[in-house]
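Please read the structure below before turning to the comments.
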Amino acid sequence: MSRQVGVLNALDLAKTQWYHFTAIIIAGMGFFTDAYDLFCISIVTKLLGRIYYHIPNSPKPGSLPPNIAAAVNGVAFCGTLSGQLFFGWLGDKLGRKKVYGITLILMVVCSIASGLSFSHSSKSVIATLCFFRFWLGFGIGGDYPLSATIMSEYANKKTRGAFIAAVFAMQGFGILGGGIVALIVSAAFNNRFPAPPYMDNPNRPTIPEADYVWRIVLMFGAIPAALTYYWRMKMPETARYTALVAQNAKQAAADMSRVLQVDLELNDHEKNFTTESHEINQNRFGLFSREFAKRHGLHLLGTTTTWFLLDIAFYSQNLFQKDIFTAIEWLPSAATMSELEECFKIAKAQTLIALCGTVPGYWFTVALIDYLGRFFIQLMGFIMMTIFMFALAFPYNHWKEKPHRIGFVVMYSLTFFFANFGPNSTTFIVPAEIFPARLRSTCHGISAAAGKAGAIVGAFGFLYAAQSKDPKLTDPGYPTGIGVKNALILLGCVNFCGALFTLLVPESKGKSLEELTGENEDENMNGNTNIVRDVNV
């Protein structure tokens, strides 16, 4: 295995080149689609309720029953969790490239199928929607460990954090894109098929054209994913996987020379070193070994717990911001709007939050992560989220007053800013750096799956928890909850716990992947022979 050190050193020292940016775009468009598909559902859930659960002459427009709303919002997360575990493991067993295209095909097919839900009955539509969104989530789940691992293994050590962060930052554009598409589609349909506010005629059913709006919004997510399929298939296997896991230094050197413009020459002994290296490597520890627990057990605990806690807060805020904005009356009462007008205003609110808080936070991370470090940014993000959550929660009645509502929106946007210039980015980056190559995709998948478990808790739990304590003010079919104020206090406490568990996560700034994982120690034990004869960087 020692002969592979030179290939890896060349990767760490290679200058930033066009192929690095190509890889960011190829992997990042997958994340654009991931975020678009996961978050656009929150824009159209109110519309689904009006279309399929309309009750004539009810004082309020139709809304999804609690169990249906929980399923529609949360089923994709269940699929994502499963996909992260399965494809993370498969990426270490078969290679990153072999699995990468499968996830994209799933995302394209299921995005389209989500908008083609069969029949017009509410049960059939919701059942098929949930079925395809589960498998959509399954494909999205695979994109997490594979994209992060591929980018970390291609990058040099100087700018690795920024490259992985840039891939993840496309999530912000995906959230923004979902809002913009919904704005355009709902505005176009509302202009062509205007309808009066619900309160003017509670007996009026939802206009039939509204059924096209949510379908178009969901299906649009297939387009960016489909556009990148060809280039994903053209990407070679990462040199680190080929050298350290597949034990083929010759192929790793050839692949790296072709895409990163690095010239490598191997002597005859090194070209035939594969079998010897493979025999040495068979005795190395696995995921469930004591040696792994000793070396990386606390690291895995740190990455899983911080991602779990972060996603409880992050997905609660994202999926139910429309409910929070309604509670503070930033969005008008549903009865005062038509179905398409309500969809437009929800999309507008989500787009503004994404534009002002979500997207800038991601790119602050890209710019500063290789200077400030992962640990500092994650700890700062959790602490600032805690502060802003408590600042929103404790004077909650103050923020509900009309003169202060804009202040609430600004503060709420800042919690998104520090989530993304903070743990939402770093929890994605660090697991792709600190685990051995043969377990990297698996451990990232486990960490990400823990995050999606947190998202499920947020999606299902916050839906009920944020309901008013007053039975008269709860949404139809819901039991009383603890109210938005207490729910925000609870999320603040969750963020504080995230700051504490961040202490288990090591700093990876400026270090090679092999230095972080201890793989270079194994190489040094067997004698360090450099295979690089001529490296032009």
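Along the chain as shown, residues are numbered 1 onward.
Yeah, the Cβs are placed from backbone N, Cα and C, and that goes for glycine too.
TrEMBL lists 21-48 (among others) with the feature transmembrane segment.
The feature domain 'Major facilitator superfamily (MFS) profile' is assigned by TrEMBL to 23-510. Regional average pLDDT for the domain 'Major facilitator superfamily (MFS) profile' (23-510) in the model is 86.
The transmembrane segment feature in TrEMBL is assigned to 68-87 (among others).
Feature annotation from TrEMBL assigns transmembrane segment to 99-118 (among others).
The transmembrane segment feature in TrEMBL is assigned to 162-189 (among others).
Taken from TrEMBL, the feature transmembrane segment applies to 212-231 (among others).
What TrEMBL records for 352-369 (among others) is transmembrane segment. If you look at the transmembrane segment (352-369), the same-chain residues 6 or more away from its ends with a CB under 8 A from one of its CBs are 161-162, 165-166, 168-169, 171-173, 175-176, 179, 321, 377, 409, 412-422, 424-426, 429, 509.
Residues or ranges marked as transmembrane segment in TrEMBL: 375-394 (among others).
Outside the transmembrane segment (406-425), and at least 6 residues removed from its termini, the chain residues within Cβ reach (under 8 Å) are 165, 168-169, 172, 306-307, 310, 313-314, 317, 321, 324-325, 328, 330, 352-354, 356-362, 364-365, 368-369, 377-378, 380-382, 384-385, 388-389, 391-392, 399-400, 498, 502. As annotated by TrEMBL, transmembrane segment applies to 406-425 (among others).
Among the features that TrEMBL reports, transmembrane segment is placed at 445-466 (among others).
Taken from TrEMBL, the feature transmembrane segment covers 487-505 (among others).
According to TrEMBL, the region 'Disordered' annotation covers 517-537.
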Contact call for the transmembrane segment (445-466) against the transmembrane segment (212-231), three or more Cβ pairs under 8 Å:
no
Beyond the flanks of the transmembrane segment (162-189) by 6 or more, those residues with Cβ under 8 Å of it:
20, 23-24, 27-37, 39-40, 43-44, 147-148, 151-152, 154-155, 209-210, 212-213, 216-217, 220-221, 224, 318, 340-341, 343-344, 346-348, 350-351, 354-355, 358-359, 361-363, 365-367, 369-370, 420, 425, 428-429, 432-433
Long-range neighbours of the transmembrane segment (99-118), counting only residues six or more past its ends (CB under 8 A):
30, 33-34, 37, 83, 87, 90-91, 124-126, 128-129, 132-133, 135-136, 138-143, 146, 150, 214-222, 225-226, 228-229, 232-233, 235
